Amino acid sequence: MTTQLYFVRHGETFLNNFKRMQGWIDSHLTEKGRQQAIATGKALAQTKFTVVASSDLGRARQTKKLIISQLQHQPKATFVLPEFREVNFGSFDGLPRIDAWNTVTENTPYNDQNDIIRHGGLHEVRQLMADADPLHLCEYNPEIIARWKRGVQKLLAESPDQDNMNILVISHGTFIRTISEHYGQYVAGMENVPKNGSVTIFTVDHGQIHLKRYNQLL
């Protein structure tokens, strides 16, 4: 039986608006971000979700609450799972994006993050960021994929239903982008950055995960 995982990027935050790196560091939703969450909730209002989950970061939990408030069918269970939190950007967290990527691409053939993705994928992005992090706190791509798989296993195991479920998860832009690339999605270019409030859908069928839809505003 097939389960559909609806992954939604949280609404816009103050750090998003300030064009700063936002990984494990957190900030509140802006009013625009709140309206994005409400709009996504309204678009999903008629979908029956067995479970609604989010990462443990405040911006995802705030978005989850706003989306649930718009659903016509309340979920049987809600979860908070740290496995679905944003990528850890180490000592680059909170810095202006332009400064962070200038440092990461220094002494490399690349100009910016999307240039790295076009040539080496997000695996190369994570490697270069980790190499440039003086605190050695950045996550590597295999670590992100591993915690995604742990999160999905935990989510499915703890869900009250086991067949033909729709599950909604509020997560984060780079995390969703990384997982989508892992399942074959082309993610280079600003047009392929998951938008705040956008929906990405994965299917799980007999343990096999496939990407069905990426970065869609409903």
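Note: Cβ is positioned from N, Cα and C throughout, glycine not excepted.
Automated prediction, rather than curation, is the source of TrEMBL annotations.
Annotated substrate binding site per TrEMBL: Arg9, His10, Gly11, Glu12, Thr13, Phe14, Leu15, Asn16, Arg59, in sequence order. In the three-state DSSP reading, Thr13 (substrate binding site) counts as strand. The Cβ neighbour count for Thr13 (substrate binding site), using a 10 Å radius and every protein chain shown, is 23.
According to TrEMBL, the feature active site, tele-phosphohistidine intermediate maps to His10. Non-local contacts of His10 (active site, tele-phosphohistidine intermediate) by the CB criterion (under 8 A, 6+ apart in sequence, same chain) comprise Leu29, Gly33, Ala37, Arg59, Ala60, Gln62, Thr63, Ile170, Ser171, His172, Asn196, Gly197.
Look at TrEMBL and you will find Glu86 tagged as active site, proton donor/acceptor. DSSP assigns Glu86 (active site, proton donor/acceptor) to coil in the three-state reduction, outside any helix or strand.
Glu86 (active site, proton donor/acceptor) is 10 Å away from Arg9 (substrate binding site) when you measure Cα to Cα. Here the Cα atom of Leu15 (substrate binding site) is found 14 Å from that of Glu86 (active site, proton donor/acceptor). Residues Asn17, Gln22, Ser27, Leu29, Thr30, Gly33, Asn196 surround the recorded substrate site, their Cβ atoms falling within 8 Å of the Cβ centroid of Arg9, His10, Gly11, Glu12, Thr13, Phe14, Leu15, Asn16, Arg59, which are themselves excluded.
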